[in-house]
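Structure first, commentary second.
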Amino acid sequence: MELQPEIYLLGASGHGKVIIEIMERMGQVPAGIFDDDPSRRELLGYAVSGRFDPAKISRAATLIIAIGNNHIRKKIAGRMTLPFTTVVHPSACVSSRATIGPGTAVMAGSTVNSEVMIGAHCIINTNASVDHDCVIDDYVHISPNVALAGNVTVAEGAHIGIGACVIQGVTIGRWATIGAGAAVIRDVPDYAVVVGNPARIIKYNSEI
Ligand SMILES: CC(=O)SCCNC(=O)CCNC(=O)[C@H](O)C(C)(C)COP(=O)(O)OP(=O)(O)OC[C@H]1O[C@@H](n2cnc3c(N)ncnc32)[C@H](O)[C@@H]1OP(=O)(O)O
């Protein structure tokens, strides 16, 4: 397996633990971990170095934002000039015809099928299934055990909640939220929060 350049994590949370364990399975360890919260001193035995400081990292560095909140990933990504890396758990089944953007993490047991396009800084979480020809825009989180049928489009920043399913051809709008366990059978507008089976709008997220 080809080794990537040094990877530095931004964020020392529970999500960061999962990212670290993917890296370990890829044969790597984090070169460093940064977190704005000074009370976070270590993560899984690796030292946490406080606020991000470019002076503390090597020139060959790449970054990954290990933070689950889609808005925060976008905010941090916009401030960084270093390249971002992609991490894919070895047990994930990713089509050779799929594309995955920088800063995206693909977790254990997930499936990404033929000609799927996944943008930057996304999370394809544990055991999620993203079927053929889906298009996933930047900063999206596909939670554990989500099933996206073929030709689903998920626009920027949307969060698909744990265990939700989306039938073929549906479009999920920008910064929308799909509740845990929802069954989505129609397009979801930008910023909408939908729950249930069939999924219905209960409110709208605020535009940040
Ligand atoms: C590894 C990881 O941990 S990844 C993280 C995975 N986490 C998730 O997927 C979380 C998904 N989040 C949810 O499902 C949330 O419940 C949300 C975002 C849909 C709604 O959260 P909130 O905005 O806090 O809404 P709130 O809890 O006040 O619920 C509003 C109403 O919707 C109902 N509701 C909320 N979520 C759901 C749901 N998933 N399915 C059905 N009904 C729901 C509530 O019962 C409530 O109904 P009521 O007004 O009749 O009492």
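Note that Cβ sites are derived from N, Cα and C of the backbone, with glycine treated the same way.
Residues Ser13, Gly14, His15 are recorded by TrEMBL as substrate binders, and the candidate that the same record lists for that site, out of Gly32, Gly45, Gly50, Gly68, is Gly68.
Of all the binding-site residues listed (His15, His141), His15 has the fewest other CB atoms within 10 A of its CB. According to DSSP, Gly14 (substrate binding site) is assigned to a helical segment.
Close contacts with ligand 1, defined as a Cβ under 6 Å from any of its atoms, occur at Ile162 among the recorded positions Ser13, Gly14, His15, His132, Ile162. Calculated from their C-alpha atoms, the gap between Ile162 (acetyl-CoA binding site) and Gly68 (substrate binding site) amounts to 13 Å. The shortest Cα-Cα distance from His15 (substrate binding site) to any of the recorded positions (His132, Asp133, His141) is found for His141.
Put simply, His141 is the one of the recorded positions His132, Asp133, His141 whose Cα lies nearest to the Cα of Ser13 (substrate binding site).
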